[in-house]
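Undergrad: Here it is, the structure, as structure tokens.
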């Protein structure tokens, strides 16, 4: 059996997974299209698509209000909204279709089902919260937080690393497992013709459950981002 080849693009020392890049672009395009469509012809009394958009904004604002000081919440509301939408769409992208090459490589998958992508996303969040902590509180005050109380400094540093790692692995594990089970259900339909109706019903139920779990994971990811950010920028954390 011929080994499945992953489409790659090499630019100097950096190698890009073209499939991952493509589904990321699709994710961004879906988000842009939704926000653009929902924000057209807005009315004083919201209805339909405008109501859906405003509900999402209010929902994410609520996450920020729980973990960020009042005077800082508005500064990060758009960031949290973008993170929530991106993770939610990315989580669900691979649930509804599958495009395989003749070698068996899947060209259509959720970006968040890729561990390298999740680690990169988690690294971005980790660096961002530390940069914001330095920008808001100053380098000395930021480092002081990591060394308070000073006997716990090694544990505080370990906590920063485990936060980064758990943020990525939690997301990857849930989304990857969902796509694996979906693939197994599809294979069940191909096993015998009389299994097709059962596989169809099971797949519909599993897809609905996976969409729910994917949205929960987007909520958890956004909430943890707001939590980590609040610990670095809030004055109350002094």
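Every residue, even glycine, has its Cβ placed from backbone N, Cα and C.
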Undergrad: Among 46-66, 193-213, where does Swiss-Prot put the label transmembrane segment?
TA: 193-213
Undergrad: Quick test of the contact rule: Cβ under 8 Å, at least six residues beyond the ends. What residues does that give for the transmembrane segment (166-186)?
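TA: Same-chain residues near the transmembrane segment (166-186) but 6 or more away: 87, 91, 94-95, 98, 109-110, 112-115, 118-119, 121-122, 125-126, 199, 202-203, 206-207, 210, 213-214, 217, 220-221, 224-225.
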Undergrad: Would you mind listing the long-range same-chain contacts of the transmembrane segment (114-134), meaning Cβ under 8 Å and 6+ residues beyond its ends?
TA: 17, 20, 24, 83, 87, 142, 145, 160, 163-165, 167-169, 171-172, 176, 225, 228-229, 231-233
